[in-house]
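Peer 1: Pasting the feature list from TrEMBL:
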- A:12-32: transmembrane segment (TRANSMEM)
- A:44-63: transmembrane segment (TRANSMEM)
- A:89-109: transmembrane segment (TRANSMEM)
- A:115-137: transmembrane segment (TRANSMEM)
- A:144-168: transmembrane segment (TRANSMEM)
- A:188-206: transmembrane segment (TRANSMEM)
- A:218-241: transmembrane segment (TRANSMEM)
- A:273-294: transmembrane segment (TRANSMEM)
- A:306-322: transmembrane segment (TRANSMEM)
- A:337-355: transmembrane segment (TRANSMEM)
Amino acid sequence: MQQPVPENLKISPFMAAFVVVAMQIGIGVLGYQRLIAKDAGYDAWISVIIGGATIHAIIWMMYKICETVDGDVLTANIYVFGKAIGKSINTFFILYFTMTCVTVLAGLIEVLRTWMFLNLNPLLFGSIYLLLGIYIVNGGFRTVVGIAFFGLAVPAYLLLSFGFAIRYGDFTNLLPILDHTPVQLLKSAYSMTLTFLGFGILLFFYPFIKNPGKSKKWVHLGVVTTTFIYAALAVISFAYFPPSLLEKSIWATLEMWKIVRLPFIERFEYLGLANWALIILPNVVISLWVASRVAKQTFNVAQRKVVWLIALVVLIVVQMLNSREKMNLFFDIQGKVGFVMAYFYTPFLFILLLIKQKVKTK
Amino acid sequence: MSFFKKHKRKLPKMPKAENINKEESSPNAEKENNKLVKDWENELSKSNDYKKTFYFNQKSGKKFTFTYIPTLIEEKVLDNNALPNLLEDDFYQISDVKKLLPIADVEVSTNKDDIPIKLLQGYVLVTLEGDRSGFAFFSAQKAVVRSVSAPEIEFSVIGPKEAFVESIGQNMNLIRKRLPIEELIAEEFTVGKLSKTKVNVIYIDGITNEQIVNTVKQRINDIEKDEIADSSYFTQIISDNGHSPFPQLLDTERPDRVASSLAEGKVAILVDGSPHALLGPTTLPEFFNSFEDYYINWILASFIRLIRLFAVIFSIMITPIYVAIVTHHYELIPKDLLVTLVTSRRVVPFPPILEALFLEVAIELLREAGSRLPTKVGQTIGIVGGIVLGTASVEAGLTSNVLLIFVALSALASFTTPVYQMSNTIRILRFPFLFMAELWGLLGITIAFCFIITHLLRLTSLGQPFMEPVFPLRVNDFKDALIRLPFQNQAKRPIFLRTKDSTRFSSQKAHKKKDIDE
């Protein structure tokens, strides 16, 4: 049913990890500390690790799903549910990834307006940013992966800047360890998974991986790296902020940058934020790519054309999210849908696929 | 030269057999042929440099004719070799020419279509009155070849001092001398309806990837152009994306660079009349490598390469960063530094972007003026521009001296790029960055950076990714990209060339090390 991906358009197994990690690291990094500390307090770094551990199980299932049907999730849906239901689920994916794109872009614009340019024109910025996105998607999946790679490799130096916060941190803040109930920890882990989301795209770009079997270890390693970065950053933040201050810090990561002092740079967060536009870019681009690719597979339209339409929808919705309340509502829905897709839909599909296969072989 | 001639002889021979049949079978064809003869004779005789002379053989008394274009031939060959023999010896029929002339390239032919082509290639046409069996050609080309001189654009202190010249034969000679192996293949093409430019596609059989060679051949065959003046036309016509400011084929005037690139598994293109060879496929880092890097120790070479990389980034970024910071984020600069900046900018009445544009345009004017003028005047322009304009504009309060330092430094840094085509690209790249910096400060610079990176990611050179080894990430190819590791670590050919034979030499032998005191 699906056309096989030409060998020269495929990506190396190693690069698959970059796509997953680039999608996982997004706007959430800037302020997830407050959200996870709400339930589990300063034990929340354990929740980060718990949340990270669950991802490996889901990723394992995703690989099994794709291996069984030897294709992406779209094929799996049609195989399991039949054409009608399968296609409607696939249509829903277009909607979901368009929403993801909106969330990411709206989030970026909000941060930029809060911290850097009070009067950043959302229409102009959104248009240029989406044009960039379309330009990348037009280059094909290899270009998308290239941006995912650069979106991680170039700003990687920012990690060093958190060293400054360590110097001023008080690690006794973390003690006593494990003074929260498991329920609290799990609640916090749930909040964390919302930041972790994004690994689901594996289901969509699986056919583009050369030797998918070999990519498993890299993807798992990538997820471990993400978990480690989030956990380490949480620990540093907890050491740096007293609990009462963290409660009020919406953008804890950004605030930590304020302590960075270099002989030629005073306000480091400007540099960090400017770089954030590059870190966010893979999120926008991958969502655009997935949404347009699913549209192409489902409705047989040219991806080159439909990506313009999706970008236009994203731009319009971003303009409509002009107040904090609307934005929060939208982010909330998007996060919950994402959570359901990752932790309910994926295992569900996995089990159904197993049953269907058993029935067929008999 | 020998190679050169060999090809010439081969080419027009092919239709020969077919034409003999034609002439014998139908009288119509002969008429047409005669008409054709008339056509070219008419056309050529309109020019002053067309000559047709009669001579008489002393033995047979027969009349024979030389037809030639004097400006294309060496008259000495006629005077010393051709005429004495043909005048004095037994010359009864046209095939005797082969016996009489002490010239290697002599040919007896019956195909009249060849005549204009041969005449214009510097051959002399011999016809014998009363002999209708055919006519003869002998070559008497005048070789106006500039002597091989030292490379000027890719100058190196150490290493060979040879550069290509305009003659493709001479250039082939320079390459063949460096790679005396039978696997070195040179395929000839003729491009251009009017210029009939000879193009050689050179590669090493058994090393270079066939698909890449075929891509090059295919693209050269597809060229629709009346006239080709230089190999740089080729860069623009056959490169993968003609709308990109980045060159995707490396041009070089150094035969040593071509030879070593061929040994690496690349394809070289030589164009007659151009002292620059083209090399492909290439990657972005190669444009920042000078061939001298291979002539100095690998530690020094790597250091110099890193300096160049820094220079490029600095050259593109520093003015936009200045504009971004002074326009949007002056909070970014520490207090002490801010004082310096404010003092220098206090009297400047323009916004930073105008100030920067003013200086950048001034530098571009200086460069352009300098490169259009003769060398000696050019130097004066440099001094006038650099010292007088710079100082005066600061004193007049048009620009700040901090910016002047930045612009001068970035101009200096842009000269470190060893490949001229690429340094031109770097010249214009800073302008989009400048405008984005004015719009959104550092954020704008990031967006411009993303656009450039995307563009580079999408580029390919003869179908191979341009950003290699950075993306796709190939750690092994870093051995000769941003740094250069010692030769014993270069045992494998670059991966991106997809060579048929990936091993250059046995690395085990090269790595053998003795233990202490052995």
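Start at 1 and count along the chain as shown; that gives each residue its number.
Glycine is treated like the rest: Cβ placed from N, Cα and C.
Keep in mind that TrEMBL annotations are predicted by a computer and have not been checked by a curator.
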Peer 1: Should the transmembrane segment (A:218-241) and the transmembrane segment (A:89-109) be scored as in contact, given a threshold of at least 3 Cβ pairs under 8 Å and pairs 6 or more apart?
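Peer 2: These two segments do not touch.
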Peer 1: Are the transmembrane segment (A:188-206) and the transmembrane segment (A:144-168) close, by which I mean at least 3 Cβ pairs under 8 Å that are 6+ residues apart in sequence?
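Peer 2: No, since the transmembrane segment (A:188-206) and the transmembrane segment (A:144-168) share fewer than 3 Cβ pairs closer than 8 Å, they do not count as touching.
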Peer 1: Of the listed stretches A:12-32, A:44-63, A:89-109, A:144-168, A:306-322, which one has the most C-beta pairs under 8 A with the transmembrane segment (A:273-294)?
Peer 2: A:89-109
Peer 1: Do the transmembrane segment (A:89-109) and the transmembrane segment (A:144-168) come together with 3 or more C-beta pairs under 8 Å, pairs six or more apart in sequence?
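Peer 2: Checked: the transmembrane segment (A:89-109) vs the transmembrane segment (A:144-168), no contact.
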Peer 1: I need to check the long-range neighbours of the transmembrane segment (A:115-137): which residues 6 or more away from its ends have a CB within less than 8 Å of a CB in the stretch?
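Peer 2: Residues 105, 108-109, 143-144, 147, 251, 254, 269-270, 273-274, 277, 281, 284-285, 288-289, 292, 303, 307-308, 311, 314-315, 318-319, 322 contact the transmembrane segment (A:115-137) from elsewhere in the chain.
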Peer 1: Report yes or no: does the transmembrane segment (A:12-32) come within contact of the transmembrane segment (A:306-322), defined as 3 or more CB pairs under 8 Å with a sequence separation of 6 or more?
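Peer 2: Contact between the transmembrane segment (A:12-32) and the transmembrane segment (A:306-322): absent.
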Peer 1: Same chain, outside the transmembrane segment (A:306-322) by at least 6, Cβ under 8 Å from its Cβ: which residues?
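Peer 2: Residues 94, 98, 101-102, 105-106, 109, 122-123, 126-127, 130-131, 133-134, 137-138, 288-289, 291-292, 295-296, 299, 330.
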